[in-house]
Amino acid sequence: MAPPPRAYSPAEVRQRCAQGACLVLRGRRLYDLSGFVRLHPGGEQLLRERAGSDVSAALEGPPHRHSRNARLWLEQYYLGEMGPAPAPEPQSLLKTEKPVNSTAQTTNHRMDPRCKTVDPDKDLVDWHKPLLWQVGHLGEKYDEWVHQPVDRPIRLFHSDFIESLSKTAWYIVIMVWIPVVLYLSWFCYASLAQGTTRLFSSFTTEYSIPVHKYFFPFIFVLGMFLWSLVEYLIHRFLFHMKPPASNYYLITLHFLLHGQHHKSPFDSSRLVFPPVPASLVIGFFYTLLRLLLPEALGMSIFVGGLFGYVVYDMTHYYLHYGSPKKGTYLYGLKAYHVKHHFEHQKSGFGITSRFWDRPFKTLIPEETFEKED
């Protein structure tokens with residue numbers, strides 16, 4: 001039988017807040033979000049605004065609606081119960097979440113009917129063992145399970161070496177690929193400067209179009225634009241495919257490609273694409289463009305796309321771990337991406353922008369975002 005939850009007195013709550021803790025009171029349940037608040041949209045700004053006050057890390061402000069998935073996520077930070085008849089003073093130090101009325105509960109349930117309470121220690125998988133070879137056995141329970149996020153690191157493989165290749169720090173992406181972008185940019189410009197590159201020359205020499213070196217910046221930007229489309233298509237149709245419940249291998253593949261990220265969205269070592277598997281995908285696009293276009297032209301598009309990929313990976317990491325200022329473009333993008341993870345997993349596929357979500361009709365409705373005064 002589980003021991004009863006600890007009761008915290010107002011004095012203890014006040015002391016924790018004064019020491020820098022971020023405590024949230026929902027009903028009489030007390031949660032410690034000290035390690036998570038900076039990852040929440042606006043969390044860093046709230047802490048900065050409270051700096052210098054008696055309770056610099058306590059959250060306050062108007063209550064706002066959260067998805068049911070977000071409320072389930074909150075349970076991972078459960079601390080205990082407030083003691084009987086809490087005094088008004090410590091209550092004012094906390095953010096009290098507005099009880100959800102029956103209408104809001106019904107609306108949230110329609111948005112994500114798959115949500116249910118997740119206890120990582122009593123889960124459908126053994127978190128003490130590598131997950132990759134377990135998830136395929138979940139069958140029809142996999143789609144529900146993978147979209148219930150937890151805040152804990154994931155191990156995929158038994159082998160330490162292979163495991164190390166499956167994750168990386170964000171700055172490794174810059175260290176590996178930016179030198180490649182710089183070298184190939186110089187190479188492409190120098191090749192175009194020779195004046196021998198012509199479009200359609202494999203079909204006709206009379207009507208072929210010369211590609212001048214001054215076209216390189218425009219071709220580079222075209223490559224970035226094309227990458228943004230590829231990024232959207234991969235995210236929507238590959239990363240968010242729903243594998244057949246009876247296919248162990250497709251479920252395993254989905255979890256390896258993207259399911260792991262939705263299960264543990266704040267595992268910092270799995271937010272960007274590791275260089276070794278990334279090089280295989282990048283090599284595929286390089287070969288494809290070399291076959292379809294003249295070398296210098298295809299390479300110019302490729303290097304623009306490669307730079308677009310680096311921007312994409314860095315943006316994605318920042319949307320999870322950055323703290324953009326409220327009202328900025330990145331703040332809105334972060335809030336949009338959080339909605340994708342916790343409430344609208346079947347829409348909101350754009351990472352660097354919402355551009356492609358509009359024509360493909362996968363834009364998250366504006367009315368689901370809080371209107372701020």
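Using N, Cα and C of the backbone, Cβ positions are placed for all residues, glycine too.
Here's what TrEMBL has on this protein:
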- 5-83: domain 'Cytochrome b5 heme-binding' (DOMAIN)
- H40, H66: heme binding site (BINDING)
- 169-194: transmembrane segment (TRANSMEM)
- 214-234: transmembrane segment (TRANSMEM)
- H235, H240, H258, H261, H262, H316, H320, H337, H340, H341: Zn(2+) binding site (BINDING)
- 271-293: transmembrane segment (TRANSMEM)
- 299-319: transmembrane segment (TRANSMEM)
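On the 0 to 100 pLDDT scale, the domain 'Cytochrome b5 heme-binding' (5-83) averages 60 in this prediction.
Residues 211-213, 215-216, 219-220, 268-269, 271-275, 278, 295-297, 299-300, 302-303, 306-307, 309-310, 313-314, 317 of the same chain sit 6 or more residues outside the transmembrane segment (169-194) yet have a Cβ under 8 Å from a Cβ within it. Once Cβ contacts within 10 Å are tallied over all protein chains shown, the binding-site residues H258, H262, H320, H340 are led by H340.
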